[in-house]
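S.K.: Can you keep this structure in mind? I'll have questions shortly.
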Amino acid sequence: MAASDVVVVMDFDKTIIDCDSDNWVVDELGATELFNQLLPTMPWNSLMDRMMKELHSQGTKIEDIVAVLKRTPIHSRIIQAIKSAYALGCDLKIVSDANVFFIDTILKHHGLKECFSEINTNPSFVDEEGRLRIFPYHDFTEHPHGCPHPCPPNMCKGIVIERIQASLSAMEEKKTIIYMGDGLGDFCPSLKLGDGDYMLPRKDFPVWDLVCKNRSLIKAEVCEWSNGEEFEHALLHFITKITIDKSNTSGNNAAQLYSDCKVQTMPGSSHQAFSQTLYVPH
């Protein structure tokens, strides 16, 4: 079953991994107190660059940061879900307010880097002194993105989604987007999705609250998820559903595929849903 017409866009922190990678590194390297002292004085992205400077001056090596990143919590079912979606032929992309070094290190450690065609995040690199430098995706001092939604100054994910949509519109076959995220910054891209797309917010996280309060503004179909098992079930279910819809499979075959995915209709909904996960009502 090919799923080449499905584009899956994922946040990284608290979506693919089960923590905030910035906080994880700072906490694991014993710099939480300094981080909290500096937090009121500068934007988060700038603060992370400053923290890398402070840690480097205290003798922290890039290998120490790598070791911490390799211990980052990630659910085994999410790893499997990503590999399965890639094997099915989906185009997987990341849109994240983390940074290139953190994301690349974690993905490579779990054998996931090759699954993603595109990683949109804050640039970072190790300089000649061995210090990790982190920079904003958008240069907010010179060219602020001006988004009215709750996007951080260094990254508007809605702008990134619009660019992805523009590139997809040039293709011969129509693509369907599945977007998965958890944070405030994931609300703006949810507003850019169209009819036929899918927004999968993590339940009881900030984007879920915003989606629930502003459901009428979102054209995409919305379905929540809570943990690694539901992440996997949700993602693979909607890949299957999109593929069936596009291939005009006969009723019997479609029913069998849905049965294999353990799909059920939720009470009061005209849509299909999967067990233990509810659609957010209009």
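Note that Cβ sites are derived from N, Cα and C of the backbone, with glycine treated the same way.
Note: TrEMBL annotation is automatic and uncurated.
The following feature annotations were taken from TrEMBL:
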- ASP11: active site, nucleophile (ACT_SITE)
- ASP11, ASP13, ASP182: Mg(2+) binding site (BINDING)
- ASP13: active site, proton donor (ACT_SITE)
- ASP22, ASP97: substrate binding site (BINDING)
S.K.: Using the centroid of the Cβ atoms of ASP11, ASP13, ASP182 as reference, list every other same-chain residue with Cβ within 8 Å of it (recorded Mg(2+) site), in sequence order.
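M.R.: Filtered neighbour residues, in order: PHE12, LYS14, THR15, ILE16, SER96, GLY181, GLY183, ASP186, ARG202, PHE205.
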S.K.: Taking the Cα of the residue listed as 'active site, nucleophile' as the centre, which of the binding-site residues listed as ASP22, ASP97, ASP182 lie within 10 Å of it?
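M.R.: The binding-site residues close to the residue listed as 'active site, nucleophile' (Cα within 10 Å), listed in sequence order, are ASP97, ASP182.
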S.K.: Measuring CB to CB from ASP13 (Mg(2+) binding site), give everything in the same chain under 8 Å that is also at least six residues away in sequence.
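M.R.: Correct list: CYS19, ASP20, SER21, ASP22, SER96, ASP97, ALA98, ASP182, GLY183.
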S.K.: Near ASP182 (Mg(2+) binding site), how many other Cβ atoms are within 10 Å of its Cβ?
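M.R.: 22, counting other Cβ atoms within 10 Å of ASP182 (Mg(2+) binding site).
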